[in-house]
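**Student:** Pasting a structure here, questions to come.
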Amino acid sequence: MRPQILLLLALLTLGLAAQRQDKVPCKMVDKKVSCQGLGLLQVPSVLPPDTETLDLSGNQLRSILASPLGFYTALRHLDLSTNEISFLQPGAFQALTHLEHLSLAHNRLAMATALSAGGLGPLPRVTSLDLSGNSLYSGLLERLLGEAPSLHTLSLAENSLTRLTRHTFRDMPVLEQLDLHSNVLMDIEDGAFEGLPRLTHLNLSRNSLTCISDFSLQQLRVLDLSCNSIEAFQTASQPQAEFQLTWLDLRENKLLHFPDLAALPRLIYLNLSNNLIRLPTGPPQDSKGIHAPSEGWSALPLSTPSWNASARPLSQLLNLDLSYNEIELIPDSFLEHLTSLCFLNLSRNCLRTFEARRSGSLPCLMLLDLSHNALETLELGARALGSLRTLLLQGNALRDLPPYTFANLASLQRLNLQGNRVSPCGGPDEPGPSGCVAFSGITSLHSLSLVDNEIELLRAGAFLHTPLTELDLSSNPGLEVATGALGGLEASLEVLALQGNGLTVLQVDLPCFICLKRLNLAENRLSHLPAWTQAVSLEVLDLRNNSFSLLPGSAMGGLETSLRRLYLQGNPLSCCGNGWLAAQLHQGRVDVDATQDLICRFSSQEEVSLSHVRPEDCEKGGLKNINLIIILTFILVSAILLTTLATCCCVRRQKFNQQYKA
């Protein structure tokens, strides 16, 4: 009898436990439990004991106690982020012997009650720890961090750390990734990272560092120093081993010169944008070096670097960003050693000239951004830049270039010349005036922008034998497009823009461009289009701010199967006679922009929304017009008859008077 009673009690206990679990609002899937954003004040005590993943983020937890957290000994992932935790009971995580990932981000660990003896305590199997956003300061951090022999990733971002010492990181022998971004770090003591022999990724961005003069982390592969106040960067003078650094970010600092990178031969990514760099450069002649404010990485005065020596070891560099600096000149000797470079950004500098004349110069370069400088001259050698695919030159002052400047670039696919003063030559039979640039015969070029170049005449054959797919000739007021100017593009052109040119007549046989998908003719003075009588590929047609009153079906019929979007605002559209357009609106085959606000006019000059026009409105208008014509015709015929009758009467009266006198 007694065993039966015990069994009954056990079943009742399990039933009550199951009933209590059913009342918990957390979501449970397999061994994963999510209690995110439920307003909980404490860790639930009725969850399955075999839970491996527990998400308690976004609640109102203020303290973490060993019980009931210790009940869930199978936990591997524990997320306690975005709470109000200010108290950690000693040994709170001691029972979680399988815990691998722990997040305490965005809590209140900096409050005094979080500093109970032992801090976090030992975390023997934790590989990922997030303590970001807790207002932690340097002294507190050393007391909070415990032994973590398996830790690979540690985030201390968005805290209040001002200094790193040789005691900050200890008992973390396998740490690989350390995130310290968005603190207030001003000093890094010598040996601060000596206890991290496997550290490969270090993020120190958005701090208050002013100088790096003794960088000695040979094992590091990725270093982010962006958004500080660094004036100089220099490696240790006698490193114990070869540096492994491949990724270095120094953007948004106060660098005055190109850093000395002679000891970093493996570097493949270098970002120096948004600094004060000039080439060639260095400290003023009377300078004795730039001194750091304290010991450590910033301990020694910096020697004046040589830009030539700095560039020489960068033979493996793939990406170099020097945008937003004060560079006025790029010496040839600086570029000649960058034999692996694929991406070079020199935009937003003070360049007036750029030269790459040497044979084999920058052989691997695929993208060159020289936009928004003050370039007046551009000299590219016949065998230079052999791999260049994208050349960005917008926002410069280029004019009177050598005619074959771009024809020599054998791999060029995309060219942006917006905002210059470049005039295209014509085809072989019409070369054009002195100073024009040839765009014909560039067999690799697919995309060309000549926006805002003050082009007056686009000559016949300007792009002959150049298989362009995108051509933008917008914002050239007064542009005259000669007959045959776009000849040769009929089988390749997909995007054509002629916006804002003041065109009254379009001397382009558009229906012949069988691949054309996007056509922009906005902000001109056009009133007629060529007739598309056969099916084409056009999907988007922009006719805004022109002089169109009618879009007859006889001209637009060929677009019915392909056209998807039509822009018509700003045209004096007629409400009647636009049967094709009305059909598109009512059938929904074409997305006409802002149909509720698209205005049209009746013959009486009455303006209404085009979408509100009904067929009978035009029929009434037609009947009114017919009646008016009939009345006018009757009046005219009556006037003619009366005039004729009066004339006959006058003639007969004259004859009668003559006979009477006789």
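Including glycine, each Cβ sits where the backbone N, Cα and C put it.
Just lifted these from Swiss-Prot, have a look:
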- 18-625: topological domain 'Extracellular' (TOPO_DOM)
- 50-73: repeat 'LRR 1' (REPEAT)
- 98-119: repeat 'LRR 3' (REPEAT)
- 125-145: repeat 'LRR 4' (REPEAT)
- 150-171: repeat 'LRR 5' (REPEAT)
- 174-195: repeat 'LRR 6' (REPEAT)
- 198-219: repeat 'LRR 7' (REPEAT)
- 244-265: repeat 'LRR 9' (REPEAT)
- 316-339: repeat 'LRR 11' (REPEAT)
- 340-361: repeat 'LRR 12' (REPEAT)
- 411-432: repeat 'LRR 15' (REPEAT)
- 467-488: repeat 'LRR 17' (REPEAT)
- 492-513: repeat 'LRR 18' (REPEAT)
- 626-646: transmembrane segment (TRANSMEM)
- 647-662: topological domain 'Cytoplasmic' (TOPO_DOM)
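I'd like these features described in context: how deep, what's nearby, how far apart.
**Tutor:** Applying DSSP to the repeat 'LRR 1' (50-73) sorts its residues as follows: 4 helix, 5 strand, 15 coil.
Restricting the average to the repeat 'LRR 3' (98-119) gives a pLDDT of 84.
Long-range contacts of the repeat 'LRR 4' (125-145) within its own chain (CB-CB distance under 8 A, at least 6 residues past either end) are made by residues 81, 97-110, 114-115, 119, 151-165, 167-172, 179.
Using a Cβ-Cβ cut-off under 8 Å and counting only residues 6 or more beyond its ends in the same chain, the repeat 'LRR 6' (174-195) has close neighbours at 132, 148-166, 168, 201-210, 214, 217, 224, 293-299.
The repeat 'LRR 11' (316-339): residue composition by secondary structure is 4 helix, 3 strand, 17 coil, according to DSSP.
Proximity of distant same-chain residues to the repeat 'LRR 15' (411-432), defined by a Cβ-Cβ separation under 8 Å and at least 6 residues beyond the stretch ends, is recorded for 371, 386-399, 401, 403, 438-440, 442, 444-456, 458-464, 472, 487.
Assigned with DSSP, the residues of the repeat 'LRR 17' (467-488) fall into helix, strand and coil as follows: 0 helix, 5 strand, 17 coil.
Counting only same-chain residues 6+ beyond the ends of the repeat 'LRR 18' (492-513), those with a CB under 8 A from a CB of the stretch are 451, 467-479, 481-483, 485-486, 519-527, 529-534, 536-537, 542, 558.
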**Student:** Can you name the far-off residues of the same chain, 6+ from the ends of the repeat 'LRR 5' (150-171), with a Cβ under 8 Å from a Cβ of it?
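**Tutor:** For the repeat 'LRR 5' (150-171), the sequence-distant neighbours (Cβ-Cβ under 8 Å, at least 6 residues beyond its ends) are 100, 105, 110, 123-138, 141-142, 177-196, 203.
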**Student:** Same-chain Cβ contacts of the repeat 'LRR 12' (340-361) under 8 Å, 6 or more residues past its ends?
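**Tutor:** Apart from its flanks, the repeat 'LRR 12' (340-361) reaches 268, 273, 315-330, 332, 367-386, 392.
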